[in-house]
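S.K.: Got a structure for you, questions after.
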Amino acid sequence: MASKSDVNIIETSSKVHFSGFHQMDGLASNRPEQMAEEEEHGQPFVIGVAGGAASGKTTVCDMIMQQLHDQRAVVVNQDSFYHNVNEVELVRVHDYNFDHPDAFDTEQLLSSMEKLRKGQAVDIPNYDFKSYKNNVFPPRRVNPSDVIILEGILIFHDPRVRDLMNMKIFVDADADVRLARRIKRDTVEKGRDIATVLDQYSKFVKPAFEDFILPTKKYADIIIPRGGDNHVAIDLIVQHIHTKLGQHDLCKIYPNLYVIQSTFQIRGMHTLIRDSKTTKHDFIFYSDRLIRLVVEHGLGHLPFTEKQVVTPTGSVYSGVDFCKKLCGVSVIRSGESMENALRACCKGIKIGKILIHREGDNGQQLIYEKLPSDISERHVLLLDPILGTGNSAVQAIRLLISKGVPESNIIFLNLISAPEGVNVVCKKFPRIKIVTSEIELGLNDEFRVVPGMGEFGDRYFGTDDE
């Protein structure tokens, strides 16, 4: 623990542009909340498909399902969650607005989706559009799946439902096409006459589309014009889904989390540095190799511009030129072990330092910083080999942001990450990027990463026997 004299020495001996130690009040180093129960299960990939009535949502869902034949996939329709029409409303059912958000039992929809995300089977009601009741027996049994497609006109309306989705698709179609499809569908499938369909369209469907459905288009990640006729868009969506299904569950939740592709070589190096019997020399050697891979991967996320050069043969090569304004910031002291790899990759790079030190049991922290004066103009590679609770990372990132560094300009590099720390950092800072080589099982009761690799700084710098 740093004494007052230590603080004064550091502050007075440093004649540069940093402010020494900062007293941070009320910053508890408590363990973050445990991951939600559903994250302990294999996380399904949830796709929301919204759009106006008869825009082609069902066709798009069917085509996605057909191309996901090798995956467990299921479609959940918002139509299944209509409220029952009571006896009073049934007398004037033609004046009942089925396109209003209040027509749906959103709470039941949320309950069913939460159970599916937790790996539990659910019974979903079957809604009868002739009796306007959801008591058709038997209910539809939906089992847990790798992919859940949630389809409906208003699934983007409630933010709680939107937050369940990993991908949001809006199916767009011309108004006249949607009207023609609706007339055909409602007369054939729902037993309605054309006059009733047109009356309902002008009274409820069209106003609801303009008031409630169209405004949710802004939440979509992907907009598909022409619906099921757009085969190129659907093929690209399916490719993206296959990519996500091959990733760690946390990568499906947080698009700003990147885990380098695992190979036998990488797993072999992890085996060596995790082994408590590995010598200091071998630990440093293989740690440096892994760190170099993480650094190289992190550099690949920097912005670039196209550049043409002339080769010794006189030919023109079209390549790229990465941004010049770059610096590293290591979290003392374990983060300093990553500096050599960064210098080897980026000759002459400036490297700053941050020390986050807990003082006593009151949760207060001392922060020491030594950063480039123009850090607000640079892309920052934040270095810390282990992401555990996420407390230190959060404080380091907040400090960088307070210095004017845009959140999107920070790339956090580490060797291993605990899910608890990933959740904390990604939720608080959704625009930073985290690059790691492996996701751990979690934290134990002593807040240590498991299976982990012990106290990294002590093992790397040879102070574990002191």
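Using the three backbone atoms N, Cα and C, a Cβ is placed for every residue, glycine included.
Pulled from Swiss-Prot, these are the listed features:
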| type | residues | note |
| --- | --- | --- |
| REGION | 41-246 | region 'Uridine kinase' |
| REGION | 256-466 | region 'Uracil phosphoribosyltransferase' |
| BINDING | Lys280, Arg289, Cys323, Lys324, Lys325, Leu326, Arg378 | GTP binding site |
| BINDING | Arg333, Arg358, Asp384, Thr389, Gly390, Asn391, Ser392, Glu455 | 5-phospho-alpha-D-ribose 1-diphosphate binding site |
| BINDING | Gly454, Glu455, Phe456 | uracil binding site |
S.K.: Identify which of the binding-site residues Arg289, Lys325, Arg333, Arg378 has its Cβ surrounded by the largest number of other Cβ atoms within 10 Å, counting every protein chain shown.
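M.R.: It comes out as Arg378.
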S.K.: Using a 10 Å radius around its CB, how many other CB atoms surround Cys323 (GTP binding site)?
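M.R.: If we count other Cβ atoms within 10 Å of Cys323 (GTP binding site), we arrive at 12.
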S.K.: Taking the Cβ of Glu455 (5-phospho-alpha-D-ribose 1-diphosphate binding site) as the centre, how many other Cβ atoms fall within a 10 Å radius?
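M.R.: So the Cβ neighbour count for Glu455 (5-phospho-alpha-D-ribose 1-diphosphate binding site) comes to 14.
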S.K.: So the record assigns Lys280, Arg289, Cys323, Lys324, Lys325, Leu326, Arg378 to GTP. If I measure every Cα pair among those residues, what is the longest distance in angstrom, as a whole number?
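M.R.: Farthest-apart Cα atoms in Lys280, Arg289, Cys323, Lys324, Lys325, Leu326, Arg378 are separated by 36 Å.
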S.K.: For the binding-site residues Lys280, Lys324, which one has the sparsest Cβ surroundings, going by other Cβ atoms within 10 Å?
M.R.: Lys324
S.K.: Considering only the binding-site residues Arg333, Asp384, Thr389, Gly454, which residue has the minimal Cα-Cα separation from Lys325 (GTP binding site)?
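M.R.: Minimum Cα distance from Lys325 (GTP binding site) across Arg333, Asp384, Thr389, Gly454 lands on Asp384.
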S.K.: Can you count the other CB atoms that lie within 10 A of the CB of Ser392 (5-phospho-alpha-D-ribose 1-diphosphate binding site)?
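M.R.: I get 24 for this one.
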S.K.: Rounded to the nearest Å, what's the C-alpha distance separating Lys280 (GTP binding site) and Thr389 (5-phospho-alpha-D-ribose 1-diphosphate binding site)? Just drop the number here, would you?
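M.R.: The Cα atom of Lys280 (GTP binding site) is 26 Å away from the Cα atom of Thr389 (5-phospho-alpha-D-ribose 1-diphosphate binding site).
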S.K.: Please report the distance from the Cα of Gly454 (uracil binding site) to the Cα of Ser392 (5-phospho-alpha-D-ribose 1-diphosphate binding site), rounded to the nearest angstrom.
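M.R.: Gly454 (uracil binding site) and Ser392 (5-phospho-alpha-D-ribose 1-diphosphate binding site) have their Cα atoms 17 Å apart.
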S.K.: Once near-sequence residues are set aside, which residues in the chain of Leu326 (GTP binding site), 6 or more away, have Cβ atoms under 8 Å from its Cβ?
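M.R.: Expected: Leu302, Cys346, Ile349, Arg378, His379, Val380, Leu381.
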